Amino acid sequence: MTTVRTRIAPSPTGDPHVGTAYIALFNYCFAKQHGGEFILRIEDTDQLRSTRESEQQIFDALRWLGIEWNEGPDVGGPHGPYRQSERGDIYAKYAKELVDAGHAFYCFCTAEELEQMRAEQQARGETPRYDGRALLLSAEEVQRRLDAGEPHVIRMKVPSEGICVVPDMLRGDVEIPWDRMDMQVLMKNDGLPTYFLANVVDDHLMGITHVLRGEEWLPSAPKLIKLYEYFGWEQPKLCYMPLLRNPDKSKLSKRKNPTSVTFYERMGFMPEAMLNYLGRMGWSMPDEREKFSLAEMVEHFDLSRISLGGPIFDIEKLSWLNGQWLRELPVEEFATRLQKWAFNSDYMMKIAPHVQGRVETFSQVAPLGGFFFEGALKLDAKLFESKKLSADQVRQVIQLILWKLESLRQWEKERITGCIQAVVEALELKLRDAMPLMFAAITGQASSVSVLDAMEILGPDLTRYRLRQALDLLGGVSKKENKEWEKLLASIA
């Protein structure tokens, strides 16, 4: 009997997302419920954004939650390497096979040619897509251009008509017209694969039997199915999971909700409660109980109990569930966990240099730096009153800084300062006009330790969370303001 093998394949391009943890949990439970294996693979072909620091954060976040893997970059295994950036020769080999078999072709179109092509298609009211012009090149012309070293990509051929039937374990057969599919790029001009080729090749070579992924990938499933057909490989069973939603039913995003697993760890949530809550996202226990462990979820896991309605990720409900777990801890374990969360040496060493020179007794540390150990702050609206800025300008400054910080790939003091500086310059203000607002939002105080150091220590999600808190306190942002300020944001370097 074939061993069930599932996987999670996150990209190390930022903080570990709760959506990644959610999909990882369901893949893990499905594999373990069937006595199978769960694999961790790293999709790091985006060389500009991928970092080893983000990769380590993924490892740490999943392990904090209690999700372990049988094979992966850090534990090894018989199907490695498990980083896509280390599998380039493998992808090149299989891409060449597709070209030789007539299922893919070389495309030498420049970015300017492609942009002009799309513009002309849009002007005609057509859906922009690659028009197949490289297919008209003769074999001799293709070889000449390859020999000359011209930049190129490899694209797959797709049918221009007909229906592709996608067998989904949740929805049954889903019919998707082929005329919605583009001639997908498989290998980029830097020699790295795109998601489609890398996933099909890796899933096959790693013996993946079942793929549980987010439903945002369902519309492009025909491309994956066609690649399996071209290679002559057996296709894994496919399951497209419902996406997590904000309370307003929009797709979960860091603009409306903290999305980093690290944020919830820093906020003092228990990993058991976090897993429990993610397990309730569209799934339920047979007896409908709300509180259950990972082991209990594995024991009773059944895909038929997944609801297709978009599950709502609500911090208030997560907090309620966390309280259930917290209050049931033996008091000794409660004390141990509290000490580990608040007073662990790594975190204290980040904070100590910033408070030591400002206190005369240890009892003064809490009033000065207590905000380091809090989640949501009790903010005072009076702290946001400015002699120079109007109430609308105060909200504008905070909102623009919040948006600007969302674009940061590396969370460092110098880059944080740069974001704030860019906003105040665009608004023709001084740094001293914005910093009191940052102190009020981030520390809940008029003055404290360096707020820029505090933002770096607290991390991106908790910092942004507190800025959103401040905006809510001050009345939020109207749709009209949101539209106007986003235009202004686009002009800020």
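Note that the numbers count up from 1, one per residue, in the order the chain is shown.
Positions of Cβ are set from backbone N, Cα and C atoms, glycine also.
What Swiss-Prot lists as ATP binding site is LYS254. Annotation comment: Swiss-Prot describes 10-20 as motif ''HIGH' region', evidence class sequence analysis. The motif ''KMSKS' region' annotation in Swiss-Prot covers 251-255.
Proximity of distant same-chain residues to the motif ''HIGH' region' (10-20), defined by a Cβ-Cβ separation under 8 Å and at least 6 residues beyond the stretch ends, is recorded for 42-44, 46, 49-55, 57-58, 60-62, 214, 243-244, 252, 259-264, 278, 313, 409, 459-461. Secondary structure of the motif ''KMSKS' region' (251-255) per DSSP, as helix, strand and coil residue counts: 0 helix, 1 strand, 4 coil. Sequence-distant neighbours of the residue listed as 'ATP binding site' (same chain, 6+ apart, CB under 8 A from its CB) are SER260, GLU406, ASP461, ARG464. When DSSP labels each residue, the motif ''HIGH' region' (10-20) comes out as 3 helix, 1 strand, 7 coil, counted as helix, strand and coil in that order.
If you take every residue in the motif ''KMSKS' region' (251-255) and average the pLDDT, you get 80.
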